[in-house]
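Listed features, source Swiss-Prot:
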type	residues	note
BINDING	G26, R27, T28, G29, N30, G31, K32, S33, A34, S47, N185	GTP binding site
COILED	217-241	coiled coil
DOMAIN	17-225	domain 'AIG1-type G'
REGION	26-33	region 'G1'
REGION	53-57	region 'G2'
REGION	75-78	region 'G3'
REGION	145-148	region 'G4'
Amino acid sequence: MAGLEDTTDLRLPSASEPIKNIVLVGRTGNGKSATGNSLIGKQVFRSETRATGVTMKCETCVAVTPCGTGINVIDTPGLFDLSVSAEYLSQEIINCLVLAEDGLHAVVLVLSVRTRISQEEEATLNTLQVIFGSQIIDYLVVLFTGGDELEANNMTLDDYLSKGCPEFLKTVLRLCGGRRILFDNRTTDEGKKVKQVQELLAHVAAIEKSTSGIPFTDEMHRKIQKEAETLREQQKEVESKDLAAAEIEKWKKHYQTEHDKNMNMMAEMLGNRLREDSERQEKMLLALRDNLEISQRQNKLNELTDNEPDLIHCGVSLRRMPCNML
């Protein structure tokens, strides 16, 4: 599993330059892990072509890009797949925020030009807004994988988007200021690898400028930060006391248990919020379906009503005709 332990042979960013926290989200199979590897410049996230996702837990890796920017890339599992339970999603969202304790500098929605954009992509944006609020769009970048396929067909990203771009995607691109980028995760061209990473970091820089350099945090994120700070202070205080090693370990374990309990409570609250939203969405879909059926029945009734006068007129005319003409 990729994680902070995988960064030992990677250059670490200097303390004077804050690390950019970049989280990758999207449907299983869209190439999140491969994109993370492209950003890091090394195979640290497991990436394979299969029906089920390889990444099962949020994973992170810190490195310095060729242009000198320190990044913390967070690879998420298929958090927003329709098959994912609210409990699993809420726990992994909490884990994701723990890995980006100082806030999110960019949320990268990973799509693929190789597959049709589905309801799951649309659900991703809705779920992000349910969890974080509408402000999360200010930090969104839409990244398309499969650049090699478009290049083989002599197509640009704009060519691809001009051919039947779903309304959902048009809305997303409009809301995030058109921040989009095409990635080729299969290229062996070192210059191309560097260029596409630089292009993504340019979008991150643009986000920083538009948000006054303030990374995204919300109430839940701030609670997580406070919990982490409290745990550090408690453990530091225990270590400063003249206690036996076993006693120190006992208190550390106690504080860690309390911390985990509070984190689980937050995950449970988030899970309840997600379930409520899911139920609301289902009710809306049922209402739309019912309204559509009512509308279709009304249209059929109107068609019959429109034809009725002609039938009545014909019947009256026949009754008034002379007998010798019948």
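Quick reminder: no glycine exception, Cβ is built from N, Cα and C everywhere.
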- Query: If you count other Cβ atoms within 10 Å of each one's Cβ, which of the binding-site residues T28, N30, N185 has the most?
  - Reply: N30
- Task: Mind tallying the region 'G1' (26-33) by DSSP state, helix then strand then coil?
- Result: 2 helix, 0 strand, 6 coil
- Query: Out of G26, A34, which has the highest number of nearby Cβ atoms, where nearby means within 10 Å of its Cβ, if these are the binding-site residues?
  - Reply: G26
- Task: Specify the secondary structure state of A34 (GTP binding site) as given by DSSP, simplified to three classes.
- Result: helix
- Summed over the region 'G4' (145-148), the DSSP helix, strand and coil counts are 2 helix, 1 strand, 1 coil
